[in-house]
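Asks: I have a structure here, written as structure tokens, and I will follow up with some questions on it.
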Amino acid sequence: MAPADLASEGPKLEDPPAPHLFGKCPSGLIMANVETLPVRADPGRDPLLAFAPRPAELGPPDPRLTMGSVGGGVTHAQEFPMKSVGTRTGGGGSQGSFPGPRSSGSGTNRERPGPGRYPSEDKVLANSLYLNGELRGSDHTDVCGNVVGSSGGSSSSGGSDKAPPQYREPNHPPKLLTTSGKLDQCSEPLVRPSAFKPVVPKNFHSMQNLCPPQTNGTPEGRQGPAGLKGGLEKSRTMTPAGGSGGGGLSDSGRNSLTSLPTYSSSYSQHLAPLSASTSHINRIGTPGYSSGGGGGGSGYQDLGTSDSGRASSKSGSSSSMGRSGHLGSGEGGNGGLPFAACSPPSPSALIQELEERLWEKEQEVAALRRSQEQSEAAVAQVLEERQKAWERELAELRQGCSGKLQQVARRAQRAQQGLQLQVLRLQQDKKQLQEEAAQLIRQREELEDKVAACQKEQADFLPRMEETKWEVCQKAGEISLLKQQLKDSQADVSQKLSEIVGLRSQLREGRASLREKEEQLLSLRDSFGSKQASLELSEGELPPACLKPALTPVDLVEPQEALASCESDEAKMRRQAGVAAAASLVSVDGEVDAGGEGGTRALRREVGRLQAELAAERRARERQGASFAEERRVWLEEKEKVIEYQKQLQLSYVEMYQRNQQLERRLRERGAAGGSRTPTPQHGEEEKAWTPSRLERIESTEI
């Protein structure tokens, strides 16, 4: 897996390392690998400054040069020194500023190729991450033929197109790939790797013997921190190289650590050439000169660093870091350095130095092996404890899950039984509802039939209702007319009754007067009998001359009766009463005047008058009855006329209605023939054709 792929994946929960170094590594151990890169000087720096004499004493190390190392997780690991020789140019500028970002130097005489030229960037580096900065593409070669960066770093190998192990693309920012996990379950204090612990740098005393120290008036402490900033970065713990099976020790890119192979269980990694160390040593004796343009710039620096993060312990880890020795420093002004600063070392010294460095590397490899074995034992112990804890947790989880499964099964069984009961109830309810629905459908059909029959009967009853309405209207008119006639008749009857009452009163009065007259007549008859007897006696005594016939009152009454026939009843009665009174007065007077002679005649006249009055009264009653009969006949004739008129009016109304119906029917037929639609009556509202019914007999109420 490529570093870019590892960086892009981010943190992983479970990513066990390769088993050829640590066996089975638990996920709780965080492994990190930090590789440092050399500090390159300004690309415009003259490479002849590498032969400036180094100072006599070294100042205190810059705190930024402390390099952290990652221990292998072994307590009380043996610390071992490592001497490494490296040459690098100081980041000297005209003002002694700090160098730029660090980058690795690849051992070729030409400039570093671009990022796309290295085919080894796809190499699998498991659980490895580089924390160095971006690459700088400006390199140049010094007089020894080595590639020197902007901060003085030179490569140790030449002519290789492969990128160094710490090479990283600029578009992939550094990320820390961790493997998660915790060691909570372990009761004992476990051995864990300590990442990024400070390391005490050590000076390379063997390199001081190669060239005599010279000072140019400026100690190292005053030269600025630019020369001390060379490729010291935080280191990481060693990690397996993934599926390739070979693990390598990561160096800062300038020392011989990248030249020597690291420990591998398969012993398949070959030894890299020792060109880095030889090139660094060969450059020591080469004369150099300073650039004339820079004032106060530092000379050629030799900073050697080694990644010793693989032999650190739990309490503290130590790493051997090469000292930074200045071969020369520039003066404060524009003055240059002497060209022949030091003499080249002898081959025996070089061989001795190489043997010492080789011995140091062997010691380092042995220490790394011991630390690896101890770390493997610790890791195995931790893994066993973790496995035991995991087994206990698994057993507890199984037990808990089995109990939960049983509970869930019981709940599911109870729920299933409840659901079955609900299903049975719902099925019964469904059957009952279906039966009720069928019954309701039957009832609905019956009701629809009844409604249809009722609508049909209603349609049949409509013309009858119309006829009945017309008859009711006719009867109402007749009743109103008869009521009016009744009112008139009642008024006439009341008038007649009043007249009858008046006549009855007059009759009573006449009867009373008649009784009186009869009584008077009886009394007069009695007196007449007595008078007649006395008269007969006296007639025999009187002479015949006195017995002349005189005018009787009867002769006077006859013309009066002829005149009275033309008068009314009341007038007649009044006249008769007056006549009777006058006659009575006359008779009384005659009786008084004539004495007994005219008494009989007066009585006769009175009797005749009363008989005439009775005959007149009878004739008046007969005339009144005839007038009543005539009035009744006239009223009946008028009634018949009114009834006939109502009949004709009703018949005319019926004929008018029939004509209107016929006209509407003709209009509908013509509209249907012309294409116009008329709204059809709905069911139950169809109007049947009205059949003209003849009013055979119309009865009216008789009064």
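Including glycine, each Cβ sits where the backbone N, Cα and C put it.
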Asks: Looking at 1-22, 441-462, 639-660, which one is region 'Disordered' according to Swiss-Prot?
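Replies: Swiss-Prot lists region 'Disordered' for residues 1-22.
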Asks: Looking only at the coiled coil (348-526), report the model's average pLDDT.
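Replies: Averaged over the coiled coil (348-526), per-residue pLDDT gives 89.
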Asks: Which of SER346, SER348 (the modified residues) has the most other Cβ atoms within 10 Å?
Replies: SER346
